[in-house]
Every structure is written in C-alpha cells, then in structure tokens.
Amino acid sequence: SRKNISFSMSRPSSDMAAFQAEVKNSKNVLILSGAGVSAESGVPTFRGAGGFWRKYAAQELANPDAFSRNPSLVWEFYHYRREVMVTKKPNPAHKAIARFEQKMVNEGKKVVVVTQNIDELHRQAGTQSLIELHGTLFKTRCTSCGEVKENRDSPICEALRDRGMPDPQAQSSQIPLNLLPRCQSCSGLLRPHVVWFGENLDRNVLKRAMDEIQSCDLCLVVGTSSVVYPAAMFAPEVARRGVTVAEFNLEDTPETFNFKYHFSGPAGQLIPVALGNE
Ligand code: BV8
Ligand code: ZN
C-alpha cells in the first residue's frame, strides 16, 4: 500500500506577540534586508514595477558583459540610481532597525545588518554594524589600477549630467569612453563598486556574513524576494540551525515555509512594531 507521506508544510506563524517576546530574549540579532526595506523610501525594487529601467531588467545591465559591451549605457543606469538617492531618505523600517541596534548595544547585546541593497539607507539611518553584501552606489572601482574610492559627486561626471532618464522611449547617444568616469590616479575607466551578476562576492564580506549566520540567536529577513544567491541562502541557513527566523514581506517567497514566522505587510509599518520601538 502506498504510504501517505504527509509533509508538515505548516504555515509560518503570524503571532506578533510571540515574536516580540523572542526579540526581548535575544542577545545577537541578525537582520537581513533586500530592496523591499527601501521601497517605502521611494527607491524602486528590482522585481516590482520599478524593476525595469528603460526596457532592461536590472540583471541585463548589472553584469560585467553588459559593462564591457556598453559602458555608457551601464553608467547611465547607475548614474540614474545615484541621482534617485539624492531625494530619498530612510523610512521607519531603517530607523527602527538603527534604534533597536542602539538599545541592544547599550544592553551589551548585538545587532548586525546584512543588506543586499546598495542605496546606503541603513547607513544614513544610523546603523553601525552593517555588511553591504553587494557594495554601494557611492563607491567606484578603477578597472585598470583597482583603486576603490568613495564618490558622491552629482553628477559623477559632466557627460552624465541630465542623462539616464528611465522612460523606455529614452534613447541616448553613446558617451565616448574618455568622457565616462575616469580614475584620478591612472585615468583608467571607473566602474561602480558593486557586485554584478556572475561576479563573486568579496571573500571577506562573505566570510563575515557567514560568521554572523552561524552566531546569531534570532534572525529577521526583511523585504527580499530570496531569489538571488548566495544571499538567498542566508536566512534558510539560520533556520536550518534551529534558530528562529521571521520573514517580513508583502508576499510569500520561495523560502517562506522554511521560517517560523511570516508577517505580511509593509516593512515601514511592521518592523517598528516587531522591534518594539514604534
Ligand atoms: C555569484 C548589486 C558565484 C548590483 C545585485 C542559476 C541558479 C541559481 C543561481 C544562479 C544561476 N545563475 C546564476 C546564478 C548566480 C546569481 C543568481 O543568484 N542569479 C539569480 C537571478 C538566479 N548570483 C550571482 O551571480 C551572485 N554571484 O553567485 O557568484 C558565481 C560566479 C559566476 C557564475 C555563477 C555564480 C551575485 C549576485 C549579486 C548581483 N548584484 N545587486 C545592483 O544593485 O545593481 S543583486 C540585486 O538583486 C540585489 O542586490 C538583490 O540581491 C537582488 C534583488 O533582490 P531583492 O533585494 O530581494 O529585491 P526584489 O525587488 O527582488 O524583491 C523585493 C522584495 O521586497 C519582494 O519580495 C517584495 O515583495 C518585497 N517588498 C516590496 N515592498 C515591500 C516589500 N517588503 C516589505 N515592505 C515593503 N514595503
Ligand atoms: Zn586607476
């Protein structure tokens, strides 16, 4: 006879009071974030409507081949995203996370934020212990000498001024290579200091993230679709250790059933409540 195999695919809990009690007992909290934590700041996410720039999906531009084929187009994409950030501010989710860290540190406890975002809004909100897995919009790396430099110039170079409009019809002429961002030390072509698809994450960034995954006693995973690796493996790895993971998202993700809690709704509303500092 066929054994009726029943999987315990029980839905994660949405009991906020129970989760808040676990937060109170925690001493080493890992907070993993994706584009959804910045959505209420007005920063487009990758998969939502904002996920396209002109007629391209982000991953068609956020890769080394696209950059070597058409550095002008890729720079327009990143220039646009840098300029978008000029008017964007941390939202209540970023702020609650920063306040929570402050409170925990004052009690001799620990909070670390591991973000996939390159918008620096956690930093702007005051988060101190921050690992930026995929780099930042506000650093460049020289493709010749490798020099990494912070750069907040708006625009980053004269040739990109008023360029990068996102509407699909926008056509743009090629900016000559020598007018794209150039290295002040060796005049090599600069690229954004971000991790593109097909590129490895920085080895010691990955090591630090893995250490936090192994040592935390509670994990929140906020506003990520959990489809991009290796970041998508981090929260499931914590759950596999038997440590509580709470997912905060507008929708279910491929990992939702791995987690003890799933809270549906906007991070800007849920995170202040979950961390007890609305
Ligand atoms: C690597 C920086 C080794 C640049 C980014 C086939 C199978 C499996 C894996 C692969 C494969 N082929 C290739 C791979 C590897 C690939 C990968 O995972 N591809 C995916 C697409 C399948 N990964 C890589 O290449 C990584 N490197 O693996 O190295 C290697 C080497 C060579 C060859 C193979 C492997 C590097 C990946 C890093 C890429 N760089 N960003 C830039 O930003 O321009 S990724 C970028 O996209 C983000 O950083 C983030 O990681 C990802 C988007 O994810 P999210 O942040 O989750 O955002 P998203 O829009 O998707 O979701 C938003 C979520 O928020 C949604 O769930 C939504 O419901 C929710 N939300 C919205 N609003 C709110 C909200 N939630 C709460 N409140 C709200 N208000
Ligand atoms: Zn250089």
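Using the three backbone atoms N, Cα and C, a Cβ is placed for every residue, glycine included.
As recorded in TrEMBL:
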type	residues	note
DOMAIN	9-278	domain 'Deacetylase sirtuin-type'
BINDING	34-53, 116-119, 223-225, 249-251, Ala267	NAD(+) binding site
ACT_SITE	His134	active site, proton acceptor
BINDING	Cys142, Cys145, Cys183, Cys186	Zn(2+) binding site
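Here the features listed in TrEMBL are placed on the structure.
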residue	record	contacts (Cβ under 8 Å, 6+ apart)
Gly34	NAD(+) binding site	Thr45, Thr115, Gln116, Asn117, Val222, Gly223, Thr224, Ser225, Ser226, Ala231
Gly42	NAD(+) binding site	Thr87, Lys88
Phe46	NAD(+) binding site	Ala35, Ala57, Ala58, Ser225
His134	active site, proton acceptor	Gln116, Asn117, Ile118, Val194, Val195, Leu201, Ala231
Cys142	Zn(2+) binding site	Val148, Cys183, Ser185, Cys186, Gly188, Leu189, Leu190, Arg191
Cys145	Zn(2+) binding site	Cys183, Ser185, Cys186, Gly188
Leu250	NAD(+) binding site	Gly36, Ser264, Gly265, Pro266
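Checking the binding-site residues Gly34, Gly42, Phe46, Cys145, Leu250 against ligand 1, the ones with a C-beta less than 6 Å from an atom of that molecule are Gly34, Phe46, Leu250. Among the binding-site residues listed (Gly34, Ser38, Gly42, Cys142, Cys145, Cys186), Cys142, Cys145, Cys186 have a CB atom closer than 6 Å to some atom of ligand 2, in sequence order.
For the domain 'Deacetylase sirtuin-type' (9-278), the model's pLDDT averages out at 96. Looking at Ser38, Cys186, the binding-site residues in this record, the fewest other C-beta atoms within 10 angstroms of the C-beta turn up around Cys186. For the recorded Zn(2+) site, residues Cys142, Cys145, Cys183, Cys186 set the reference point as the centre of their Cβ atoms, and the other residues of that chain within 8 Å of it by Cβ are Thr143, Ser144, Gly146, Glu147, Gln184, Ser185, Ser187, Gly188, Leu190.
Between the binding-site residues Gln116, Cys183, Gly223, the minimum number of other C-beta atoms within 10 Å of a residue's C-beta occurs at Cys183.
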